[in-house]
Amino acid sequence: MDCRKMVRFSYSVIWIMAISKAFELGLVAGLGHQEFARPSRGDLAFRDDSIWPQEEPAIRPRSSQRVLPMGIQHSKELNRTCCLNGGTCMLESFCACPPSFYGRNCEHDVRKENCGSVPHDTWLPKKCSLCKCWHGQLRCFPQAFLPGCDGLVMDEHLVASRTPELPPSARTTTFMLAGICLSIQSYY
């Protein structure tokens, strides 16, 4: 493979990953008003609208000027009923989750979201497709432009836990991504 083809291939892979992230963020945006879908491990997850009391003033500072109250109670007095999986309820609004758990109420377990031996949010190249483990499902995108694929997408049966067949909407997205990649390749 000459240098030009390698550069085109690299750009195509970068575009696929960027478009995939955009679709993921689009799915995340549908979860709720300014709610973080998955904070990084150790971070605190909270909804933006839950940190203000019901009797908030008519004039609110811009979100960049908000300061969380510092009066967190002693651990013996904390209300732990709002959190699952050993999380600590803070200000009766959000949870500080233990490692491997996340979500508003520590309801999601990272350990259950892997695809067999493939960790969550990991890309896995397979013959003529590029797969990603996302919340326990291995989702594959055809890569018909790869050398040796000759425009054909090979039907691969990948072994992973909890990996159902893609729904029709995901297939449409996959073909749309493949079309975008092919148009990018033909442009160069």
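Glycine is treated like the rest: Cβ placed from N, Cα and C.
On a predicted model such as this, the values are computed, not experimentally measured, just so you know.
Annotation source Swiss-Prot lists disulfide bond at Cys82-Cys89 (among others), citing similarity to another entry. Taken residue by residue with DSSP, Cys89 (disulfide bond) is part of a strand. Residue density at Cys89 (disulfide bond): 18 other Cβ atoms are found within 10 A of its Cβ, drawing on all protein chains shown.
For Cys95 (disulfide bond), the count of additional Cβ atoms within 10 Å of its Cβ stands at 25 [all protein chains shown]. Per Swiss-Prot, disulfide bond is recorded for Cys83-Cys95 (among others), and the stated evidence type is similarity to another entry.
Feature annotation from Swiss-Prot assigns disulfide bond to Cys97-Cys106 (among others).
Among the features that Swiss-Prot reports, disulfide bond is placed at Cys115-Cys133 (among others), with the record citing similarity to another entry. Annotation note: Cys133 (disulfide bond) sits in a strand segment as assigned by DSSP. Its Cβ taken as reference, Cys133 (disulfide bond) is surrounded by 23 other Cβ atoms within 10 Å in the chains shown.
When secondary structure is read from DSSP and collapsed to three states, Cys128 (disulfide bond) falls in the coil class. Summarising the annotation, Swiss-Prot assigns disulfide bond to Cys128-Cys149 (among others).
Annotation comment: Swiss-Prot describes Cys131-Cys140 (among others) as disulfide bond. In the three-state DSSP scheme, Cys140 (disulfide bond) is classed as strand.
Positions annotated as domain 'EGF-like' by Swiss-Prot: 78-107.
Feature annotation from Swiss-Prot assigns N-linked glycosylation site to Asn79.
Minimal Cβ crowding within 10 Å, among the disulfide-bonded residues Cys115, Cys149, is found at Cys149. Cys83 (disulfide bond) sits 26 Å from Cys115 (disulfide bond), taking the Cα positions as reference. Note on the disulfide-bonded residues Cys82, Cys97, Cys106, Cys140: the fewest other CB atoms within 10 A surround the CB of Cys82. In three-state terms derived from DSSP, Cys115 (disulfide bond) belongs to an extended strand segment.
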